[in-house]
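Asks: The following block contains the structure, expressed as structure tokens.
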Amino acid sequence: MNCCLLLPFMLGIPLLWPCLRATENSQAKEVEQPVGSHLRVKRGWVWNQFFVPEEMNTTSHHIGRLRSDLDIGNNSFQYKLLGAGAGSTFVIDERTGDIYAIQKLDREERSLYTLRAQVIDITTGRAVEPESEFVIKVSDINDNEPKFLDEPYEASVPEMSPEGTLVIQVTASDADDPSSGNNARLLYSLLQGQPYFSVEPTTGVIRISSKMDRELQDEYWVIIQAKDMIGQPGALSGTTSVLIKLSDVNDNKPIFKESLYRLSVSESAATGTSIGTIMAYDNDIGENAEMEYSIEEDDSQTFDIITNNETQEGIVILKKKVDFEHQNHYGIRAKVKNHHVDEQLMEYHTEASTTFIRIQVEDVDEPPLFHLPYYIFEVLEENPHGLFVGMVSATDPDNRKSPIRYSVARSKMFNIDDNGTITTTSPLDREISAWYNLSITATEKYNIEQISSIPVYVQVLNINDHAPEFSQYYETYVCENAGSGQGLFF
């Protein structure tokens, strides 16, 4: 009689397990035994695998049955189970040979148990069959959902990327047995992220399915689901979130916020003076938003624009002095463009943005302005006081044309009236001073703080107003009886 293992139904599917039996080793020879001996010829045990489903909730689950072909049912044989798990995880009915699992098993913790079996003759205490190993394998059920182990996921992709651009790959793992049906075969799907993203069902590769503009939205949350059993009914699932950020490309040109700027500059401002700022706006960020300003139109060539690289503002500066009385307003046109533009993005930058700048020159109260930088006059000596020497002239350069008052600084010999006429206050003597260096001051009548001065040089001309004189007294001598024509002695 062969020993057979009959296993119960598992998962509702009736199974008939192959017989576990002892066969004679074809390589072994029969050995004669004494008459009446219960010992058999040494046999080679051939054990087939036992299978038990994991996660069975019963406290005693029948796995199979072991019987010796010598067992005639008189309870003279005892079955023993040995090895790791014997007695704690698995037990055997010593009389019938039935094997039971007494604990719930988890294939993911341990999938294989190697045990040993013995058949003992109770009357003799000897083994009826040689001890042999057999295997109990824990069969898999779909009790583990897919899990994404590399969370959190974050990726970056350039905006305006074409359809099909790879973003990132997400990968889920399933602890179930990949060789047991479809328990660990995963299928990926997109729960959130349409219509901009798609996911490859078998690889978890996320790709772009529609162009996106960072300036409209700069990041997206995508939710990916992984289902085992290739998505069939009863499948378990797990999800993960992916933060996808759009990196900037230079697809926007800078544009002026205002079409007209009004600035002003004082006519007293020095060249290089900053008179105001203009500002363009660029939807891009970082290096793509760096811009430079320039003058597109300025017939007077009076102004210039430089770029503040930190604030990205255009600074309008004075390149030449301005004069309110000469020209009191200017109109210039400025343009702006990005500093860095890739060739493939030039289509977005074909025409630079421009703006008009109106600049008003502010009048300031300027000091009187002499018509000449200096004056030289000539006058004859020995003329009486009040002699006309010359005339200087200064005017107020401002529009109000304030009257001018004149004065002579530190001189007692000359005077000047409000018309700028210089006269002498005393007769002049060339032999005392041939030149006079005067400083004439012009002051506005209505603003005495506005003062200008110029040098005036007066040359005294000579007249014949002196008889010749000997340089010393001479005393002469002559001898008596000197004849006519005889020289004198000094």
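If you go along the chain as it appears here, the first residue is 1 and each next one adds 1.
Note that Cβ sites are derived from N, Cα and C of the backbone, with glycine treated the same way.
Quick paste from TrEMBL:
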type   : residues : note
SIGNAL : 1-22     : signal peptide
DOMAIN : 68-148   : domain 'Cadherin'
DOMAIN : 149-256  : domain 'Cadherin'
DOMAIN : 257-370  : domain 'Cadherin'
DOMAIN : 371-470  : domain 'Cadherin'
Asks: Run through the domain 'Cadherin' (257-370) and tell me, per DSSP, how many residues are helix, strand and coil.
Replies: 11 helix, 56 strand, 47 coil
Asks: What average pLDDT does the predicted model assign to the domain 'Cadherin' (257-370)?
Replies: 94
Asks: Taking DSSP states H, G and I as helix and E and B as strand, how many residues of the domain 'Cadherin' (68-148) are helix, strand and coil?
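Replies: Grouping H, G, I as helix and E, B as strand yields 0 helix, 40 strand, 41 coil.
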